[in-house]
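Record features, source Swiss-Prot:
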type	residues	note
BINDING	ALA47, SER48, ALA49, GLY50, SER51, GLY52, LYS53, THR54	ATP binding site
DOMAIN	26-488	domain 'UvrD-like helicase ATP-binding'
DOMAIN	515-802	domain 'UvrD-like helicase C-terminal'
Amino acid sequence: MKLIPFLSEEEIQKLQEAEANSSKEQKKTAEQIEAIYTSGQNILVSASAGSGKTFVMVERILDQLARGVEISQLFISTFTVKAATELKERLEKKISKKIQETDDVDLKQHLGRQLADLPNAAIGTMDSFTQKFLGKHGYLLDIAPNFRILQNQSEQLLLENEVFHEVFEAHYQGKQKESFSHLLKNFAGRGKDERGLRQQVYKIYDFLQSTSNPQKWLSESFLKGFEKADFTSEKEKLTEQIKQALWDLESFFRYHLDNDAKEFAKAAYLENVQLILDEIGSLNQEFDSQAYQAVLARVVAISKEKNGRALTNASRKADLKPLADAYNEERKTQFTKLGQLSDQIAILDYQERYHGDTWKLAKTFQSFMSDFVEAYRQRKRQENAFEFADISHYTIEILENFPQVRESYQERFHEVMVDEYQDINHIQERMLELLSNGHNRFMVGDIKQSIYRFRQADPQIFNEKFQRYAQNPQEGKLILLKENFRSSSEVLSATNDVFERLMDQEVGEINYDNMHQLVFANTKLTPNPDNKAEFLLYDKDDTGEEEESQTETKLTGEMRLVIKEILKLHQEKGVAFKEIALLTSSRNRNDQILLALSEYGIPVKTDGEQNNYLQSLEVQVMLDTLRVIHNPLQDYALVALMKSPMFGFDEDELARLSLQKAEDKAHENLYEKLVNAQKKASSQKGLIHTALAEKLKQFMDILASWRLYAKPHSLYDLIWKIYNDRFYYDYVGALPNGPARQANLYALALRADQFEKSNFKGLSRFIRMIDQVLEAQHDLASVAVAPPKDAVELMTIHKSKGLEFPYVFILNMDQDFNKQDSMSEVILSRQNGLGVKYIAKMETGAVEDHYPKTIKLSIPSLTYRQNEEELQLASYSEQMRLLYVAMTRAEKKLYLVGKGSREKLESKEYPAAKNGKLNSNTRLQARNFQDWLWAISKVFTKDKLNFSYRFIGEDQLTREAIGELETKSPLQDSSQADNRQSDTIKEALEMLKEVEVYNTLHRAAIELPSVQTPSQIKKFYEPVMDMEGVEIAGQGQSVGKKISFDLPDFSTKEKVTGAEIGSATHELMQRIDLSQQLTLASLTETLKQVQTSQAVRDKINLDKILAFFDTALGQEIFANTDHLYREQPFSMLKRDQKSQEDFVVRGILDGYLLYENKIVLFDYKTDRYDEPSQLVDRYRGQLALYEEALSRAYSIENIEKYLILLGKDEVQVVKV
């Protein structure tokens, strides 16, 4: 098909005007049209929530296909496999519809080919692309194409630990062992072992994996913060902060004296307030840093007088208490900040004093990390097993170092498209740069929805382009999709009201202005005052009803509040449970939520990713059983097994057995005591009665049989033997939640089987792997069971991204943000590198014996403090984006649920807004979502916000006030006169009969596979001939085949099959470098790269391969490598003559030469034969299929077909 030109700006403008003037019920927006049809430059589409970005992507792809672009010329990256599948499904429907609608024969044929090629199109995650890429080009780096992915976290942890200990030993015994010992002690903590260091090493490694070149970043950026440390500049910054903090305090005190303080005229604290004002008043702008530090010290000292109550307003008058509380709260905030600044003066002094020592420690750390990264890389190459990040690194390495590969992809891809661009990381960005020609990128995303920083996603990649394209349109086009087609005006107004007051460049990384605000566009949704967003607060009184210690036994106030609203929606408004979603920022409180919903009989469906598999009781029992089989001298595991339902020893029996110690031994394990009891070799043998002796004998016999069975058998077989011997699998199935328990046990056997298939063998290593997972405070994913159909959805905000629900409750608004990262011993930054806490040993100068002579002081390096500030801003920005994602999931109504003391919250005062935003300190001091929402509610009271708040107390949450779930009986009235059950059965039988008739009529279509390979449909092309007793290749054993009674060959010599030789020969022919002269030596080197056994390699005749390239066809291939295509996959749509149904044929062409008006197709065959005509007849149909596929793909009729026969001593090339 001839390419149709893309639209010009003027044509796009006319299309926009025509759409605006059309009578369509739901029109495309001008920006959507621009995003669909603009071409010829890099395009960044900033698509707000619900703005139809998937629609835009599909329409853009469809437009390009309709203009003659091939689906294989598009690189389309999605964030998840699910998103890729959905995109392909949409495209399939759209292309099929377009084929039916068009009368253009060329377009019909072109789109038909695209539909057939759709399964093989480059549409998927970056990981799926890099896997295919490395499978194809990995040989350039000596990577075998049969590599596997280390997806199992436990296996990955085992490998990491083994490599860590190897590198650890090398450094511990090496030349720099003194420096390394210092590094080890720096992270040892109370454990006094290597675990602290190991934890930081793995953390840094995960960070490095997101960079495009880990070793390069280590060498160039790891120490950057130490190299550019400027203490003079830091001192000046600190002085400015002290100045500002003192002026803020002065303003607060003066305002207080002029206003509220008049109510407390004779209060003692006011004298101290005046003292501080005098101290601050003595300063002027010209004073140096020493003067400001001195005043700060005196001010802080005054605040600490009278046990820290020198400035406290202690008024107890009821009517003045709110004023006093508000003053004390603000004063406390002010002095907390001043105290921190005072501490920073001392810290900065220590940082400067120990800068050299910390730098030396960091260099040692750099050396260790470099060795660990390289050793782990080599180990994974030995295993031929890689993480996804490794695959990406190798892909980048090939694209950077092999220009011919890079250029082939840049020429192939007409456009490089990426969805969810805001969640991209630096390694992925580098790959996209290499695949693009520099002006053909189409990037879709929304920085407000970037919530994967913990996976090393960097929203600044998106933000940098956003700012650059906005300021310099010649660098790229920025298109804004702001219209929201998902949510009601009530949801959007509430969302805008929150974020236009919360998010700016300073805190939030973007300014939530007209460019980012959501615009209501769903004309089908009419405004409804009942759907106004609600901020619901459980009124927690000062008695602490919600103390964590009570939550396990008492339903939380917030959940009773939520249940009341759910029942109201369900029973009063007829809302189905599946229309309601409960969103949480983490799963920490899920147990409380599930307990509450269960209590009221509300069905619930979770997101299925609770990682508590190893905590389930039935799995713990099995793990202890395996531990005992491996080593019965483990008392805890042995007791657990004996007490388990498999054997049922009670406390009395265990107590009797535990007293069976041999008299001549000081200490014995429980197992040794069991042996003594059996042998009656203890002075307490009288405690063992007959029934217990019998029970003990049975236990010991079974345990011995298991231990004996474990040696020659697989873990999988051992586990199932345990299940069957003691009926444990059946037992747990009869317990409450039995199917889920059985699924857990079944999964244990499967996981053990997977473990042994991943090059790890044996019970010992399996147990060690499990213990390491538990030691690292990890767990394995729980096993999913079928959820109820109509159920409330409970999921994390992260899981909800991309989904939508009519009614959304955002729970746990009061749950504090996770700040573990900022408390770590190490904080990393792309800009500054390593920030680390240095442990310094200091002399105390103490003379008395009871005082320590030295103390250890933890000193955060200057870079650590800088990285900490950077991390804090990035974390707060991400939390804002997380809240944005949660709020924009709602279609009709949004509920935000938290808790707090009404009295305390309403007495809270906040600094005035600045430029329509919350004060930056207010935003940065917030501990949770609720703090932000409440501050907005208070500061902007006069703005008539589009969400309301209300407190709900205990009196409104009694059992009677909440109500009960009304359950409708499945049985109707018992009156037989109205019983229509027989009619229903009759109707069902009629339907089944119709289905059977339909199935009979269309049986051929039903039995036809939707996808077939050339060998599967070869029967359509085989000539009819008398071949009784002869097995056709691939068709299975013929009925008349004779059974062989020859003695089996028990020799240890490795057997080589024809299939193995054929597969290895094909790979060899693919790998041969045709850019240089072929010799026997070069072929021998290439053969070494082929992934097969040496026995198979020995069977490949290289002289024969070399002889092929002396033939006319071989010479033609050698002379036209720029026209050569090898190992090319294809898909083709065909019609089954019997059923008249379409199916897809897929296969791989060994190779062909593509000329302007001719194609030369060739196929290698290693089958043994007597006459060439045998193979020609056998493969004529297969080559005919290949010919048809090439003809349809390139619209070329002149196709020459050759079989290259390698099954005899001499090579033969036969034209078919």
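Cβ atoms here come from the backbone N, Cα and C positions, even for glycine.
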Reduced to three states, what secondary structure does DSSP give ALA47 (ATP binding site)?
strand
Please list residues from the chain of LYS53 (ATP binding site) whose Cβ is under 8 angstroms from its Cβ, counting only those at least six apart in sequence.
VAL45, ALA47, ASP419, VAL444, ASP446, LEU481
Give me the long-range Cβ neighbours of SER51 (ATP binding site): same chain, 6+ apart, Cβ under 8 Å, in sequence order.
LEU481, LYS482, GLU483, ASN484, PHE485
If you count CB neighbours within 10 Å, which one among the binding-site residues SER48, THR54 has the smallest count?
THR54
Cβ atoms near ALA49 (ATP binding site) (within 10 Å, other residues, all chains):
24
What is the set of residues, excluding ALA47, SER48, ALA49, GLY50, SER51, GLY52, LYS53, THR54, whose C-beta falls within 8 angstroms of the centroid of the C-beta atoms at the ATP site?
ASP446, LEU481, ASN484, PHE485, ARG486
What does DSSP assign GLY52 (ATP binding site), in three states?
coil
List, in sequence order, the same-chain residues at least six positions removed whose CB sits under 8 Å from that of GLY52 (ATP binding site)?
GLN32, LEU481, GLU483, PHE485
Whole-number mean of pLDDT values that fall within the domain 'UvrD-like helicase C-terminal' (515-802):
83
Those residues of the chain, 6+ apart, with a Cβ under 8 Å from that of GLY50 (ATP binding site):
ASN484, PHE485, ARG486, SER487, LEU518, GLU804, THR888
